[in-house]
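Peer 1: Quick one: structure below, then a few questions.
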Amino acid sequence: MNTGLKLAPKSKGYVTNLKLTLFGLGTALFSRVFTIFKIPSTINFLHFFAVPLACASVLFNSRSKDRQQIAISKSLLLGLFLLLIVLFASALLNHAGIINTVLDYLLLTEPFILILTIVSMPMTSHSYQNFRNWILQACLINTIFAYIQKYVFHMEKLFGKEDNIKGIFIGQGAGHVIGGSVAMTFGIYYCVNAKEKPLWFRIAVLLACLNQVIISDTKQVLLSFIVGYIILYFVTFKDLTKAILYFIIGVLFFSVFYWAIYNFEFLAAYKTWIRPEIYGPEGEATQLKFATFRIVPQYFHSPLNWWLGLGPGHTVGRLGGWMIPSYWNLFQPLGATIHPASVSVWTAVANSWLGDQSSMFSPLFGWAGIWGDLGLLGLGTYFYLAILVWRYVCVTDTAKYLMLTIFVFGTIFSQLEEPGYTLVVASLIGLDWQKSRLETPKSLQT
């Protein structure tokens, strides 16, 4: 994939950092594939070590004099440090285990650590191209895996049906959602950025990725990307006339889509959401979705819990909701702690007839998890990090769009803390920034 950027000499020390970073990404993306070959499941946690190690290596070895790079790196380091303080304060208040604190911190910050790593690299055109090719090829492999699972092995006919179409995220409970999210991220990024390829080819790649979403029945993925695009447009639009025009086009699109749901079998699954009686203040969907905000405060033992939550891994985040219970035999000897609040929320899910219908109705979603674990201060510092990335690193509309889709996913399920998805998005955001830097004449860089 040639971007037309002028090649520059390689830096020997930098190549080591690049390989270390790609190794960290590889362990996050392909660890589930490795477990097929009887490699211990602890490999699923290797990226928590490899990605921070790559970041530390880049920061300690970088000799960059680019003031913009240095300023962004310092800002991100400050944000990461502030979130670390909040996590330790929450852990102390709620007697959470040290392993809870470390894992929760890494789950939340690993994408930001990766962005810090990429932004801090003294990247050349050659190394940029290598990184970009690697991540796009990894995403392509995910889609190829999904097509093999569907059209060769017909895994949709097994127990679990379409949920078995997971791409490279084999054996992971929400692997089909992560696989579909990575596919759509890849399809949109490639369609917009691979301008050296014919338009028809880029559209074909996007449609192939969209088909992965359809065959894996990951409705929430499509919804998140649609809502993310709508938010992006209204955040960035400058022409009111165009805004009204696109609003009308949007209404027409949703009208056609609504009609298609009732007339095409492959879209019939979306009917699950179109039941007005389950919404409203007393509707079952509303009651279940916001159950966390009713249940968690019942366990507050101090006014400080509003600010610092119930402790890392103690409520409905990725750690407390899934990881600690699933890997209890591994984490218990390390001093992991659990809290009855997460059990109470899971009980609410089990007691609702909507609990197994769709993750759209799940009370275990990203923003609820951060609030429950770390309180308002945790949410605030996380948003501070996100604002830094939005303002200084998201230099293209594509980067902003991909970041917004993560935020939308955060209102649905646990993708906000799914490394396989968030690290792909973080890589593409960082690469867009590096491309902009490489294409900007040095005389204009500050």
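Just so it is clear, glycine is given a Cβ too, placed from its N, Cα and C backbone atoms.
Okay, so TrEMBL annotates it like this:
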type	residues	note
TRANSMEM	20-39	transmembrane segment
TRANSMEM	45-63	transmembrane segment
TRANSMEM	75-93	transmembrane segment
TRANSMEM	105-122	transmembrane segment
TRANSMEM	134-153	transmembrane segment
TRANSMEM	173-192	transmembrane segment
TRANSMEM	199-215	transmembrane segment
TRANSMEM	221-237	transmembrane segment
TRANSMEM	244-262	transmembrane segment
TRANSMEM	364-387	transmembrane segment
Peer 1: Can you tell me which recorded stretch out of 105-122, 173-192, 244-262 has the most Cβ pairs within less than 8 Å of the transmembrane segment (221-237)?
Peer 2: 173-192
Peer 1: Most CB pairs under 8 Å with the transmembrane segment (105-122): which of 20-39, 75-93, 134-153, 173-192, 364-387?
Peer 2: 75-93
Peer 1: Report, as numbers and ranges, every residue of the chain located at least six residues beyond the transmembrane segment (75-93) whose Cβ falls under 8 Å of a Cβ in that stretch; write 'none' if there are none.
Peer 2: 100-101, 104-105, 108-109, 112-113, 115-116, 119, 302, 304-305, 308-312, 373-375, 377-378, 381-382, 384-385, 388-389, 392
Peer 1: Any residues 6+ beyond the ends of the transmembrane segment (20-39) with a Cβ under 8 Å from its own?
Peer 2: 46-47, 50-51, 53-54, 57-58, 114, 117-118, 121, 131, 134-135, 138, 142, 168-172, 175, 419-420, 423-424, 427
Peer 1: Restricting to the same chain and to residues at least six past its boundaries, which positions have a Cβ under 8 Å from a Cβ of the transmembrane segment (173-192)?
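Peer 2: That would be 32, 136, 139-140, 142-143, 145-146, 162-167, 202-203, 205-210, 212-213, 216-218, 220-222, 224-225, 322, 359, 398, 401-402, 405, 409, 413-415, 418, 420-421, 424-425, 428.
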Peer 1: Can you tell me which parts of the same chain pack against the transmembrane segment (45-63), counting only residues 6+ beyond its ends and a CB-CB cutoff under 8 A?
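Peer 2: Counting only partners 6 or more residues beyond its ends, the transmembrane segment (45-63) has Cβ contacts under 8 Å with 13, 16-17, 20-21, 23-25, 27-28, 31, 73, 103, 106, 110, 113-114, 116-117, 120-122, 419, 423.
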